[in-house]
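**Student:** Right, I'll just put the structure down here and ask away after.
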């Protein structure tokens, strides 16, 4: 720099130009020095970075080596642990298989014991059931024997009672038939004598009403007797059924049960309704097509309260023989017809002065027989 400054002083003598040149030279020198200094710094920095990089690489290499060593150790430990685990699993499997075999053997032994026990219990039950069946068979035989004896005894008692009742009812029926026949004949004679109902005296009307009331009371008593007989029959049958049910708990054998006591129609007592009173003359003029119906629940047209209603019917107009001309074998049953056999029969007495008397007579006879 000093040599450069001396050389500049030789180039010009002007101090100002010389100053400018000196300043310029100083600037160039300073710039050159700065550039050189920067170059040195850059080189030093690069050297330092290279040195740091090498140190980092060495450190990274050491770290990687350590990590690889650690990984190797971990892999070895894992391999050892896996081996130990597999060994433990194998031991556990063998132990479980052994326990399973022992359990199966124990189960088979218990099953065999249970089977033997069940066989013994079944044999014992069969023996008890056989003894029970034999005992029940003996009891059933004894029960059937007692039941048969009881049934025979009850049957004998029932037959005796029925025979006694049948005899009593037959006696009552015969007496009633005789009484009704006499009353029908008497009524016919009275009706023939009383052709004109307007001439009937009030005393006779009162007598007829009293007779009708007495007949109604007799009918009620007879119905009560019939109801008592039926109730006695039903009670005997119910008692017999209860005795049979008490003797046996199982269904009875095929022995037919005694039927309910039913009296034949010819043995039932006959109910005779009260005789109708003569009515005013207008009632005598009845059409030929009127009907006769027997209704025990309908009161008579004369207000007798006897429970029997009488209506005229051409089916009831069968020819009748007067009592004075009847044969000894005649009974009121000869004029009874079933509902299916009612047919209109022409009668020589169905018209004329005796029409009303024949109506009354036929109706009284049919109701009495019913």
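Cβ from N, Cα, C; glycine included.
In case it helps, TrEMBL gives these features for our protein:
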- 32-71: region 'Disordered' (REGION)
- 35-71: compositional bias 'Basic and acidic residues' (COMPBIAS)
- 92-153: region 'Disordered' (REGION)
- 189-198: compositional bias 'Acidic residues' (COMPBIAS)
- 189-220: region 'Disordered' (REGION)
- 233-246: compositional bias 'Low complexity' (COMPBIAS)
- 233-351: region 'Disordered' (REGION)
- 271-281: compositional bias 'Pro residues' (COMPBIAS)
- 286-299: compositional bias 'Polar residues' (COMPBIAS)
- 330-341: compositional bias 'Polar residues' (COMPBIAS)
**Student:** Using DSSP, what's the helix, strand and coil tally for the compositional bias 'Basic and acidic residues' (35-71)?
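**Tutor:** Secondary-structure breakdown of the compositional bias 'Basic and acidic residues' (35-71): 37 helix, 0 strand, 0 coil.
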**Student:** Which sequence-distant residues neighbour the compositional bias 'Basic and acidic residues' (35-71)? Criterion: at least 6 residues beyond either end, Cβ under 8 Å.
**Tutor:** none
